[in-house]
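Have a look at the structure below before the remarks.
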Amino acid sequence: MGLLSDPNRRQALISLLTRLNAPICVVCYMAGVAWFMGLAFEPFTLRTYMSENAMGSTMVEERFPAGERALATGREFASQKNKVDGMPVDWLVKAMQARGLEVFTQRFTRTLPFPDENNERYMVKGTNVYGILRAPRAPRTEALVLSAPCSPGDNNNQAVGLLLGLAQYFRNQIFWAKDIIFLVNEHDLIGMQAWLEGYHHTNTTGMDWSPLQGRGGSIQAALSLELSSDVITSLDLVLEGLNGQLPNLDLANLFYAFCQKIGVLCTIQGKLPRNDWDSVSGYSHAVQTMMLMVMKQASGRPWGDHGLFLRYHIEAATLKGINSFRQHKTDTTTIGRLLEGMYRKLNNLLERLHQSYFFYLMPSLSHFVSIGYYMPAFGLLAVILLLRALDLWVQLVTPAAPTEDGVVDVEQQSGSGVLSVLTPLVISHLTGTALYMLPIRFQEMAVEHFPVSETEAVVLTAIAVYTAGLALPHNTHRFVSGEATEQGWRVLKLVAVLYLAVLLGCTALINFSLGFILALTLVPVAAFITPHVPKVLSAFVLVVLSPACTLLFSVFFFQELQEMPVSFQDGWLLYLSVISQGILDHFLYGSLVYPLIALMVYPCWLLFWNILFWK
């Protein structure tokens, strides 16, 4: 404190920071990237452990015996599904009632803002079927959920069969202290969204659904099951939910503990844990696993039905069966025993899961990186913006050079500075508003005048507005303030740099992965862009580091991480699909990535584009 309270020392520190500003920024950027890459090195991570005492021991005896019967039920469900060409509601109701459950149905309808070409749907109508197993020796104030989506074709039939088999087995047990809800939802996430809104008496997405006639207690935890094979080689744990939310780490720890106990091969991001962390291949494997989690979390979309539970503060995850070339095989009975053990442990909870971490990254199922370890990587990038803001502030408060008659026109500089800031700010944000609103509103007009589908019209309109925005804010300040000044672009850059620092900081607190990826590309732009750099080369670099190109590179990078590389043409089509799905996720489920990019990140980037072409 003495260093900052002494005016002479404070001035010396400011002089040092401004004189070495560029080298310090470069060092901070390299250190931030190196810190983040070092997080996957297992000696720098923490080993997973159970924080909740009620789930600390896996010493329960799992006795689920009905794996073959569950598979037979799944085959019967598949035949009924093919017979009615959709959800066999009547058959499911009778099957759940025969197992002693209180059975209810919920109808829902949803008109999408534009057709979802990936799933070939526009007007969605469906029915959810759920049965409630009432707790025999409890006040029935709490509940657990086991769900299995009714997927098209032959997908997930085994999961529904296992769900019904577990319902029959659980019905004969007397130790349940919580209601257990067995849910089969139609149309995957849309059906789950309708059921959750009906269960919690909310309607945040404008969907039409019938009120639920039966209800259990407050939901404490949920698991979604996806099985599409009679025999699987491994179970994959999916954690990423809506807007980058993650369940409490104890839920992942519980899954890993029972997999270790029962002998089930478990993966995360489809990758097995490895013990050779000290080798190059082991470290590369951990980096790929962690980066896959970062990319999925940054997308903001739910990667399973569990992702929508998290917005209601319900800890949830998806268990996805994988049938690959591995020799290790796991039958349905073993998976049923694993689920039985997990639900018996969740049944022991006296309160919601809260003692472990909610913000973490996982390079493997046995190790994790807590928020205290990965936030410094983002902090090193964010401090660059503060250093550049300090340098700009020092330049602005330094007395300007006098004119020929020895008078400094302070009033003219301040007046033009305010107008120079307000005009680009307003126009940039109006462009961002157009990017957010016009693609949906103009789709019918685009379809009438161009030979494109509604989905293509939305995506192409978004790209057109984005591209047109590069010209709209260009030097518009000159039409209002007359001649552009040297002080004007410094004031605008100071505002833009501080704006970006606050924007990235808030984003990283909600969704670290998204904030970090944006910081990697936008911080270099914000730090070194000025009107005095070479225009053509700088404009090219600025476009390459723009939000749209960052998304394009992320699509190819994600495919490489999944070991499924694509050609440029296929990657471009996938890129267009990602844009349309991002817009749909916002309007269907409330994903915040699309409005964040359109209304805030893109206008902020336009400010730096305007600074580059300042005259």
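Placed from the backbone N, Cα and C atoms, the Cβ positions cover glycine too.
Any TrEMBL annotation is an automated prediction that lacks curation.
Beyond its flanks by at least six residues, the transmembrane segment (20-41) meets 277, 283, 286-287, 289-290, 361, 363, 369, 373-374, 376-381, 383-384, 387-388, 390-391, 516, 520, 523-524, 527-528 of its own chain at Cβ-Cβ distances under 8 Å. For 20-41 (among others), the entry in TrEMBL reads transmembrane segment.
Marked as transmembrane segment by TrEMBL: 371-390 (among others).
The annotation transmembrane segment is assigned in TrEMBL to 418-438 (among others).
If you look up TrEMBL, you'll see 458-476 (among others) marked as transmembrane segment.
Residues 22, 25, 29, 33, 36, 243-244, 293-295, 297-298, 300, 359, 361, 371, 374-375, 377-378, 381-382, 384-386, 388-389, 392, 538, 541-542, 545-547, 550, 554, 592-593, 596, 600-601, 604-605, 607-608, 611-612 of the same chain lie 6+ residues outside the transmembrane segment (496-529) yet bring a C-beta within less than 8 angstroms of a C-beta in it. Among the features that TrEMBL reports, transmembrane segment is placed at 496-529 (among others).
Beyond the transmembrane segment (536-558), the same-chain residues lying 6 or more positions past its ends with a Cβ under 8 Å from any Cβ of the stretch are 291-292, 295, 298, 463, 466, 517-518, 521-522, 524-525, 529, 565-566, 571, 574-575, 578-579, 597, 601-602, 605, 608-609, 612-613. Positions annotated as transmembrane segment by TrEMBL: 536-558 (among others).
Residues of the same chain lying 6 or more positions beyond the ends of the transmembrane segment (592-614) and with a Cβ under 8 Å from any Cβ of it are 243, 298-301, 424-425, 428-429, 431-433, 435-436, 466, 469-470, 473-477, 484, 488-489, 492-493, 495-496, 499-500, 503, 507, 510, 514, 518, 522, 525-526, 529-531, 533, 535, 538-539, 542, 546-547, 582-583, 585-586. Here TrEMBL flags 592-614 (among others) as transmembrane segment.
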